[in-house]
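Step one of this worksheet: look at the structure below.
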Amino acid sequence: MAEKAHGLASVVADVEDGCKGPEKQRDGDGGATTIAKRTQQASFDRYINILGIYNFGICLQAGWEAVGLSLSMAFFNGGPAVLIYGTIISTLGHFCVAMSFAEMASMDPTIGAQYRWSARFAQRWPEFWGLLQGWLTTFAWVLSCVAPLSFLALITQTLIGFWDLTYQPKPWHVTLIMWAFLVAAIVCNLFLRKILNTLETIGGICHVVFFIVIIAVLATLGGRSSPSFVFGTVVSDVSGWNNSGVSFHIGLLAVILPLFGYDSVIHMVDETKKPRERVPKAMIFSLLTNGVMQLAYLLCVLFYIGDVDKVSASPLPILEICYQATKSKAAATVMLLLHAFSQVIALFNIVASASRLTWAFARDKGLPFHEQFSRLHPTLKAPLEALALVAVISVILSLINLGSTVALSAILAIPSVVLLLSYFPPIFHIAMRKLSGRHPRYGPFKLGSWGLPLNCIGMAFSLYAAFWAAFPSSYPVSNKNMNYAGPVCIALVLFALLDWFTTGKKRFEVPVGAYSIEMEDESEVEVRGDDEKAVSQ
């Protein structure tokens with residue numbers, strides 16, 4: 001095994017395809033950028049402890065709360081069957097992806113995550129795969145900020161109409177509400193960073209306590225449904241898709257969406273203590289916790305759903321379910337606000353994760369104007385410009401609602417498809433290295449003989465889920481109900497290819513990390529650039 005060097009230096013031997021190692025890499029003006037120069041850039045403080053990083057993932061996914069707020073998607077396609085069986089499929093599929101990611105994060109914990117791994121594990125054209133993956137992942141995470149904003153705007157408008165029957169909702173109301181919550185999230189990311197451990201711990205406790213409260217109230221006061229309704233009802237005559245199999249698979253988005261995003265904790269790796277040990281476990285723990293709680297929550301909701309027709313006709317079915325169970329507007333409002341609280345925490349976490357990923361991609365010269373977006377404020381220790389970019393894009397997307405609420409709904413499907421597709425390349429590259437006997441040396445989290453089977457299932461699930469997430473939700477398909485996630489994803493890939501062949505291949509640099517990546521056959525070694533004790537404290 002190659003001898004590890006110390007200090008701010010790194011050596012990468014060229015692999016057999018002649019790709020350029022990052023010992024010296026191109027910068028914008030054609031000069032040489034050394035690893036030392038890049039690792040001496042401003043860095044984050046490590047302040048997130050083990051409870052903070054575990055609860056960060058749990059609160060960001062907010063599985064049972066998110067699925068409760070998106071029940072209308074399942075009632076439109078699939079019905080109760082897709083909520084129960086779909087949650088099991090989703091949990092198992094995401095588990096295989098998360099296990100694959102956990103192994104890679106243990107080898108190489110870095111903010112860039114998927115695009116870093118695609119670049120470092122690809123046996124051919126690493127810079128090409130890194131840039132393409134970077135565009136996919138960064139685009140998906142920035143657009144993901146719109147989801148909790150939309151949920152919070154829907155909750156706010158629904159509660160106003162619930163209490164004031166004369167209220168006439170307007171599209172611009174939604175836009176203003178989204179802006180208000182976005183401002184709060186930006187302010188929290190700037191000035192409440194140091195209390196993140198406390199905030200996430202509170203969020204994690206509330207996530208569990210509120211779950212128990214909702215279950216207890218519904219099970220005590222709600223009217224019971226039959227097991228045949230819960231386990232045997234497939235809705236396939238509402239959306240126009242008369243084929244029950246098609247309706248079931250389209251409805252999967254309602255249960256797949258709340259459970260992805262476990263890779264968010266990797267984007268906080270530079271701020272996490274002992275990331276190599278804690279980040280992989282945090283991903284697995286957050287996914288399994290949310291998957292089990294989501295299934296239990298849905299079983300309770302469906303067994304105590306009440307009048308199904310009224311619930312299906314409601315703009316926010318969970319509010320109607322709570323109202324029928326409690327017979328009280330005040331109690332139903334409180335129960336809905338318990339769901340909303342998690343979305344506020346999730347919004348804070350998604351904005352933090354997306355801004356860190358944007359900063360990292362700009363630092364590696366993946367973005368145009370990367371000099372601006374790769375800055376880190378020396379006092380706040382926050383990527384101000386990257387955070388501003390995320391905020392501006394979210395504001396622009398919220399304006400779409402002024403022209404078409406359907407268009408805004410379509411926007412929500414786009415990050416789902418793109419993020420699911422972004423899971424495939426890094427797992428594919430690491431699997432190919434394992435098959436060829438050239439895999440990196442493993443970190444503390446190792447899958448062993450289960451590695452390749454889990455990798456293959458994870459890749460299959462990401463393609464399967466992305467395909468159905470891109471399917472139109474209703475039939476016949478028109479310009480109003482078309483799911484544009486697929487075309488947008490294709491356009492994004494074409495844009496990334498255009499970027500690569502114009503300026504990207506001269507601009508983008510294969511990401512470097514704090515930890516070594518060593519190949520079993522010693523053909524490639526990246527030496528750690530800083531002291532391990534400093535990183536792991």
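Any Cβ shown, glycine's included, is placed from N, Cα and C.
Annotation source TrEMBL lists transmembrane segment at 47-64 (among others). Beyond its flanks by at least six residues, the transmembrane segment (47-64) meets 193-194, 196-197, 200-201, 203-204, 207, 211, 214, 258-262, 264-265, 268, 271-274, 278-279, 281-283, 285-287, 289-291, 293-294, 296-298, 342-343, 345-346, 349-350, 353 of its own chain at Cβ-Cβ distances under 8 Å.
Residues annotated as transmembrane segment in TrEMBL: 84-107 (among others).
Here TrEMBL flags 128-152 (among others) as transmembrane segment.
The transmembrane segment annotation in TrEMBL covers 172-192 (among others).
Positions annotated as transmembrane segment by TrEMBL: 204-223 (among others). Long-range neighbours of the transmembrane segment (204-223) within the same chain, counting only residues 6 or more positions beyond its ends whose Cβ lies under 8 Å from a Cβ of the stretch, are 51, 54-55, 58-59, 62, 64-65, 293, 296-297, 300-301, 303-306, 321-322, 324-327, 331, 335, 338-339, 341-342.
Per TrEMBL, the feature transmembrane segment maps to 243-262 (among others).
Sequence annotations record features per position, and here TrEMBL assigns transmembrane segment to 283-305 (among others).
Tertiary neighbourhood of the transmembrane segment (336-361): same-chain residues 56, 59-62, 65-66, 68-69, 110-113, 115, 134, 137-138, 141-142, 144-145, 147-149, 151-152, 155, 158-159, 181-182, 184-186, 188-189, 199-200, 203, 206-207, 210, 213-214, 261, 264, 267-268, 270, 316, 318-319, 322, 367, 373-374, 376, 382-383, 386-387, 389-391, 511, selected by CB-CB distance under 8 Å and a gap of 6+ residues from either end. Sequence annotations record features per position, and here TrEMBL assigns transmembrane segment to 336-361 (among others).
Residues annotated as transmembrane segment in TrEMBL: 382-400 (among others).
The transmembrane segment annotation in TrEMBL covers 406-431 (among others).
According to TrEMBL, the transmembrane segment annotation covers 452-471 (among others). Sequence-distant neighbours of the transmembrane segment (452-471) (same chain, 6+ residues past either end, Cβ-Cβ under 8 Å): 90, 93-94, 96-97, 99-100, 246, 249-250, 252-253, 256, 413, 416-417, 420-421, 423-424, 427-428, 430-431, 434-435, 483, 485-486, 489.
The feature transmembrane segment is assigned by TrEMBL to 483-501 (among others).
The highest tally of CB pairs under 8 A with the transmembrane segment (84-107), across 128-152, 243-262, 283-305, 382-400, is held by 283-305. Long-range contacts of the transmembrane segment (483-501) within its own chain (CB-CB distance under 8 A, at least 6 residues past either end) are made by residues 128, 131-132, 135-136, 139, 410, 413-414, 416-418, 421, 469-473, 508. Residues 57, 60-67, 70-71, 73-74, 76-79, 81-83, 86-87, 89-91, 93-94, 98, 101, 144, 147, 234-236, 283, 286-287, 290-291, 294, 298, 350, 413, 416, 419-420, 465, 468-469, 471-473 of the same chain lie 6+ residues outside the transmembrane segment (243-262) yet bring a C-beta within less than 8 angstroms of a C-beta in it.
Tertiary neighbourhood of the transmembrane segment (172-192): same-chain residues 145-146, 148-150, 152-154, 156-157, 199, 344, 347-348, 351-352, 355, 380, 382, 384, 387, 391, 394-395, 398-399, 401-402, 405, 408, selected by CB-CB distance under 8 Å and a gap of 6+ residues from either end.
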